[in-house]
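Visitor: Here it is: the structure, laid out below.
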């Protein structure tokens, strides 16, 4: 029964992976084609492309981990392969979260309306420094995740099989404690970009409230372009917050196999939930971006036209 459930979750995870790759690859392809055509790239497109690439890598790492757990449990139990997968998972995880935070910060500075001198100074310069901010996020993510390759012992997953060997058991306990502290540190670090994103969300709500109040006082209505921009940005940020919370919990479940024996089914379920975050958020970003939304509708219309043409050719009398 457990094997059937694992296989079912694996097939569902492959489906989520395919949907996520489709959405994120579409974002990257559209923005890169526009970059080549115009020979320059807008700041928002650079952020979305970086985010899409990081999430494609994250999806590949999660699916690889899930497939190894189900199809190659013996390989999954060895330390060397898991050390590599663990490093790339935490790296792409941090990159994805930091890039999503950069997106929320960009929305905040470009859309919100405040009159503080520091805010205005950043608002005028955000387009110039956004590429350096993204580069800094990459360097910071690599630097933070270097400890993940040091404290992961090659044999501590097999500690359950060695309970009668006193020396090995003691060594396993030490290694588990070291790896637990590393994992705790890496998970706590992700709360920093989450807090920044949460702060930008509340400031966007405050800015929207002030803007609507000004519109009501001037009797011009509440559905002006600035209000629409606020609402689109809030939808993108709040969807990221909710999906990130679900992803964070599933990430903890997926890493529980390091400390609790025989939790493979819980790990696969956690990875299945974890795939929802990078897969579904890409389509929310597509619907919230006018250029990506037009490109998606055009691509959908082209596909439907091709399918209708083939169907017409099949039913055409000879």
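Backbone N, Cα and C define each Cβ position, glycine as well.
Pulled these features from TrEMBL for this protein:
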type: DOMAIN; residues: 23-285; note: domain 'G-protein coupled receptors family 1 profile'
type: TRANSMEM; residues: 12-32; note: transmembrane segment
type: TRANSMEM; residues: 44-72; note: transmembrane segment
type: TRANSMEM; residues: 87-109; note: transmembrane segment
type: TRANSMEM; residues: 129-148; note: transmembrane segment
type: TRANSMEM; residues: 184-206; note: transmembrane segment
type: TRANSMEM; residues: 236-260; note: transmembrane segment
type: TRANSMEM; residues: 266-288; note: transmembrane segment
Visitor: Cβ pairs under 8 Å with the transmembrane segment (266-288): which stretch of 44-72, 87-109, 129-148 has the most?
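Guide: That would be 44-72.
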Visitor: Suppose I define contact as three or more CB-CB distances under 8 A, residues 6 or more apart in sequence; do the transmembrane segment (129-148) and the transmembrane segment (12-32) meet it?
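Guide: Per Cβ check, the transmembrane segment (129-148) does not touch the transmembrane segment (12-32).
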Visitor: Could you tell me what the rest of the chain brings near the transmembrane segment (184-206), counting residues at least six beyond its ends with Cβ under 8 Å?
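Guide: Apart from its flanks, the transmembrane segment (184-206) reaches 90, 93-94, 97-98, 100-101, 104-105, 107-108, 111-112, 114, 144-145, 147-148, 230, 233-234, 237-238, 240-241, 244, 248, 251-252.
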Visitor: Which sequence positions outside the transmembrane segment (12-32), separated from its termini by at least 6 residues, show Cβ-Cβ distances below 8 Å to it?
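Guide: Same-chain contacts beyond the flanks: 41, 45-46, 48-49, 51-53, 55-56, 59-60, 62-63, 66, 268, 271-272, 275-276, 278-280, 282-283, 285-286, 291-292, 295-296, 299.
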